[in-house]
């Protein structure tokens, strides 16, 4: 199993390390900084970061186009925080103002700074669909999903905002599972991979 982590900007190292732990030696994790690597992977993680910069670089490097193509073929893609924004079909005024070209893969509308700025970062226990125990979620300038289509399964909510969801092979979380020692969200994503092999 080969998991690619988009490494053009953002919270990359933590994701790589957490994914390696989650794989337990039964696969490899590669970082992606340019086009040509996405098609060689079995699944992709789009980490947090500054969404405007991440979006611009992904399109410029040809990575966005590759992700869209592979996602439409069924490759599992997981977007955390800024990655959630990129996978969305619709954004709020903030997204429109910055002229972000979203990937348009998930039938969701996103509020880019739903939980405020960096100083408003916080942790909260979340009830996540399919998890026996609450998941301690770390939110950093987090976005949120304000509406979702019928094909989108809501996995978690916080303050009436959707903060984790899945649409077939696409998974998003507004929080950062890689910043905790809890690997359940990583395992959840990895369970999506065997059904689709590159």
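Any Cβ shown, glycine's included, is placed from N, Cα and C.
Summary of the site annotation: Swiss-Prot records L-glutamine binding at 49, 50, 51, 140, 141. Screening the candidates 60, 72, 112, 166 against this entry identifies 112 as the one listed for that site. Comparing residue 176 (active site, charge relay system) with residue 81 (active site, nucleophile), their Cα atoms are 7 Å apart once rounded. A Cα-Cα distance of 9 Å separates residue 50 (L-glutamine binding site) from residue 81 (active site, nucleophile).
Taking the recorded positions 112, 141, 176 in turn, the residue surrounded by the fewest other Cβ atoms inside 10 Å of its Cβ turns out to be 141. Burial estimate for the recorded positions (50, 178): highest at 178, by number of other CB atoms within 10 Å.
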